[in-house]
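*Asks:* Mind looking over this structure? Questions follow.
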Amino acid sequence: MLVLGLETSCDETGVALYDSERGLLADALFSQIDLHRVYGGVVPELASRDHVKRMLPLIRQVLQEAGCVATEIDAIAYTAGPGLVGALLVGASCAQALAFAWDIPAIGVHHMEGHLLAPMLEEQPPEFPFVALLVSGGHTQLVRVDGIGQYELLGESLDDAAGEAFDKTAKLIGLNYPGGPEIARLAEQGTPGRFVFPRPMTDRPGLQFSFSGLKTFALNTWQQCRDAGDDNEQTRCDVSLAFQQAVVETLTIKCKRALKQTGLKRLVIAGGVSANKALRASLEDMLASIKGNVYYARPRFCTDNGAMIAYAGCQRLLAGQQQDLAISVQARWPMEQLPPV
């Protein structure tokens, strides 16, 4: 089955072709970072308009790269949520219109299920069951995964997601958008031990997260340095390092608890923050200490992309899932509501 995948949940337009027998044939991505940087964050209306502009050229590009023609496509998968409604509607409308014109099925895919399954595109994919850490700008969740659509929420953030905390903290200390990669870059030049930030909610049982207080702690630290005339580039690096260390250690502690609670030894990390090198290294060390394994997608498939949507949609279509011809998207969509396959 050859599936065209379309991703438009936020500020990246992703298109890919995935074949159930041959694997990923082609993928293309256009990032709107430069468009939104001047505003310090994503402007939903601008994001939607740019998706309209980019979608069809990217579809033509992946068809050309894969050496395929439109008549060979068996189905279309598109992101139906969660995300920005206007942006989601661009992908959904395009998918349903093409599916109607080509007389093929279209299926809406859960954005976070796409992230969760992205490591399946690698040469050594994880086997079920496993624990997944979904960590992005909008989500921080620990999920037990027994199969596609078989999800048990173990814990999640009570306020800011980890990626959101990265971006907000970066903005507070004067870094450019997107802030997460900027903090990671500066942290490499940071002085270990100059600042020590708290590890929120690690001193109590459970698998819930909270990062809003950590963001406030970073702001107060930066303001104290600024009041003392010490708001220079090295201080930014030191604050970035302390913040990143706190987030990484908090996530690692909670992942270790989740693995112990479930009795599993396989951990998948997915979502944009899973590209963070410090997080990967910390989780690899933790899994090695318990003789377990950690899995993640290659960096370009950690952030939003069409390949993960094409793969996730293909699996559900192969399992017989169908969808009526209707344009429906959801800004909020708990993953536990998805049917198992």
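If you go along the chain as it appears here, the first residue is 1 and each next one adds 1.
Glycine residues also receive a Cβ, built from the backbone N, Cα and C atoms like all the rest.
Annotations for this protein, taken from Swiss-Prot, read as follows:
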- His111, His115, Asp304: Fe cation binding site (BINDING)
- Leu134, Val135, Ser136, Gly137, Gly138, Asp167, Gly180, Asn276: substrate binding site (BINDING)
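For the listed features, I'd like the structural context: burial, neighbours, distances.
*Replies:* Take the CB of His111 (Fe cation binding site) and look out to 10 A: across all protein chains shown you find 28 other CB atoms.
For Val135 (substrate binding site), the count of additional Cβ atoms within 10 Å of its Cβ stands at 29 [all protein chains shown].
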*Asks:* Using the alpha carbons only, what distance in Å do you get between Asn276 (substrate binding site) and His115 (Fe cation binding site) once rounded?
*Replies:* 15
*Asks:* What is the number of other Cβ atoms found within 10 Å of the Cβ of Asp167 (substrate binding site)?
*Replies:* 25
*Asks:* Roughly how many Å separate the Cα of Gly138 (substrate binding site) from that of His115 (Fe cation binding site), to the nearest whole number?
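*Replies:* The Cα atom of Gly138 (substrate binding site) is 12 Å away from the Cα atom of His115 (Fe cation binding site).
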*Asks:* When you average the Cβ positions of His111, His115, Asp304 for the Fe cation site, which other residues in that chain have a Cβ within 8 Å of that mean position?
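*Replies:* These residues sit around the Fe cation site: Glu7, Ser9, Thr79, Met112, Gly114, Ser136, Gly271, Asn305, Met308, Ile309.
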*Asks:* Helix, strand or coil by DSSP: which one applies to Val135 (substrate binding site)?
*Replies:* strand
*Asks:* Rounded to a whole number, how many Å is the Cα of Asp304 (Fe cation binding site) away from the Cα of Leu134 (substrate binding site)?
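*Replies:* Counting only the Cα atoms, the answer is 13 Å.
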